[in-house]
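**Q** Just dropping this structure here.
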Amino acid sequence: MNCELDDNELSDPPNSNHMKKQSSIYVVPDGGWGWIIVFASFMIHFIMDGITYSMGDIYLEPMLTSLRYNRGHVSIIFAFLESITLAAAPISTVFTNTFGSRRITIIGGILASFGFFLSRWWTNVYWYYITIGLIAGIGCGLMYLPAIVSVGYYFERKRSFAIGIADCGSGLGTIAFPFFIPWMMERFFSNDYKGALLFESALLFMCAIFGLLMVPLPIELSEQRRARMKLREEAKRQATRAVASQKNDKANQILIDQQSLPFLDAPLNKNSNDYRRSSYDRRYTSPSFLHALPESPSGSTSSEHAWKSLSQLSTTQLRSIEAIRNNVLYKGSLRRVSLPNPLNDADLCKDRTAQTNKLRSEDIRKVTITSYHDEESESIIRQLLAQLNLKLLQNHAFALFTLSNFLSSLGFFVPYNFAHDLAKDSQVEESHRKFVIMAIGFSTCFGHIIIGYLADRKWVNRLVLYNITLIIAGIATILAPYSGSHILPHILYASFFGFFSGGYIGLTSVITVDLVGLYKLSNGMGIILLFQGIATAIGTPVAGAMRDAFESHSNPFLWSYLVFGGFVVISGVILFAIPALNRRQKDLQTIANHQSNVLILT
């Protein structure tokens, strides 16, 4: 049994227009400046992923010649860049929630640009580990999350479509860079790859400029935090003035009134009553919340009516509204959002149907005040540790899913980094070799859109679809060394790999929600991306070292692609066990609940 939001719950109710007209509410744009944000995110993915995914294709051969190291050592450069970009996601989450998407994107762009800039000035493999791998990797990792988060805040109904467009920048960048950068190296830098690194440094700095376009909205967590801090400062100033004029009772009342506000999303107004109304209206009059409230009676303001209606909502409805609204990491359609995992939150699923567990508004206020105080008093380190909530691995299904992501990431970047090298070993014509990585990028765009669309259909089993994408991508990797000397078989395997791996990327957050619930998506993705980063750091260098070990073989890449493609296939096959694990864990929970009930009765 799975609790899901039905289409009717996200569609406009008959009386919602009447409610929207009665107050100065904040409505998610679903357009307008949001499309500028989509463009900025698209360009960041175009530059960042275009550089990351094409590094091996462009720089492997010239670096092998210049650095005089084997593939194992040189490919560590690319592996570090890719793995640290993924592993830095939990850090980026905490920083984005604290300081905002705009600031973190700008800092990430400058840091990534600085790393590539430093790499230009010393030809040394270990120096490249630090500059390209570590510094630029952290910079790209900081940009990765805000580029998606900023789009999610600007869109609600069209979120899946908008994020899909932004993600397409990754595939198009993979098409453009293998063609454009070698042409620039030959035309302007006399085939010196260090000049191309300097040029890519300038491109990464442009990501910081695109970050300037990410105008924050009042609903961003960082903006809420800033508003709360301003409010408390103002409350202290008013209290100090009141004490000075010997009005202690008034000062205490001001502190109580100011700090007991439930949700603070808007800038501080001078009049505290206006602020109360403005901040509440902005938070709880977004479309999702309006759909859950009954029609406002005539003669009452929407905020007053909202307070009354809020006390009539069940716990699950309140949490569902908040989770749907703020979990911008979810890349699927909001019309098919999985609510709490029945294994962990069965009582909430029942509560959503029965709607019998009522909350008083005073209780909501108390809980909210406590959570805000705890959130702001926590250090960055504590927030990061909370982000990496390893207790989620006690859920056997999620632990298996994490293992699957580790295995798939071992082989995911192998075709990206060695497609050109494999074509060279297969004696493909030199002018045609760049088309292989371009085919991966081109097909990734279609895979992300088409498979993402299928995953949003109610008649599609998303787990089975996800498993199939991994298995086919793995089989394509295994068959790649048999492509021969003609370019068409290489393009064929690259197209299959790109199409289905693109779908795999888009479905990861969707399956995570299905396993741990929407409320734990951020924690679950933090764990998954960390394991993906570790696997990426292992897979690419080992694959390169294996190729060198079999250099005398007629097909040197055969075992590299066979082993790491096999890991991708296995990562998909083992996930067919998830339904059985879910049933087993549900049975164990039922037995535990029964035993606890017997103990209570005795």
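Positions of Cβ are set from backbone N, Cα and C atoms, glycine also.
Note that TrEMBL annotation is computational and uncurated.
OK, TrEMBL features for this one:
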| type | residues | note |
| --- | --- | --- |
| DOMAIN | 397-602 | domain 'Major facilitator superfamily (MFS) profile' |
| TRANSMEM | 32-53 | transmembrane segment |
| TRANSMEM | 73-92 | transmembrane segment |
| TRANSMEM | 104-122 | transmembrane segment |
| TRANSMEM | 128-154 | transmembrane segment |
| TRANSMEM | 161-185 | transmembrane segment |
| TRANSMEM | 197-219 | transmembrane segment |
| TRANSMEM | 397-415 | transmembrane segment |
| TRANSMEM | 435-455 | transmembrane segment |
| TRANSMEM | 464-484 | transmembrane segment |
| TRANSMEM | 490-513 | transmembrane segment |
| TRANSMEM | 525-546 | transmembrane segment |
| TRANSMEM | 558-581 | transmembrane segment |
**Q** Count, for each of 32-53, 73-92, 525-546, the Cβ pairs lying under 8 Å from the transmembrane segment (435-455), and report the range with the highest count.
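**A** That would be 32-53.
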**Q** For the transmembrane segment (73-92), which recorded stretch in the set 32-53, 128-154, 161-185, 397-415, 464-484 gives the largest number of Cβ pairs separated by under 8 Å?
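**A** Per the Cβ under 8 Å count, 128-154.
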**Q** Would the transmembrane segment (197-219) count as touching the transmembrane segment (104-122), if touching means at least three Cβ pairs under 8 Å and pairs must be 6 or more apart in sequence?
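**A** The transmembrane segment (104-122) and the transmembrane segment (197-219): touching, yes.
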**Q** Counting only pairs at least 6 apart in sequence, do the transmembrane segment (161-185) and the transmembrane segment (32-53) share 3+ Cβ pairs under 8 Å?
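**A** Contact criterion met.
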**Q** Is the number of Cβ-Cβ pairs under 8 Å between the transmembrane segment (397-415) and the transmembrane segment (104-122) three or more, considering only pairs separated by 6 or more positions?
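**A** Answer no: the transmembrane segment (397-415) and the transmembrane segment (104-122) share fewer than 3 Cβ pairs below 8 Å.
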**Q** Report, as numbers and ranges, every residue of the chain located at least six residues beyond the transmembrane segment (464-484) whose Cβ falls under 8 Å of a Cβ in that stretch; write 'none' if there are none.
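**A** Contacts with the transmembrane segment (464-484): 404, 408, 411, 414-415, 422, 426, 447, 451, 454-455, 490, 492-494, 496-497, 500-501, 503-504, 507, 510-511, 555, 557-558, 561-562, 564-573, 575-576.
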**Q** How does the model score the domain 'Major facilitator superfamily (MFS) profile' (397-602) in terms of mean pLDDT?
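**A** Value for the domain 'Major facilitator superfamily (MFS) profile' (397-602), mean pLDDT as a whole number: 87.
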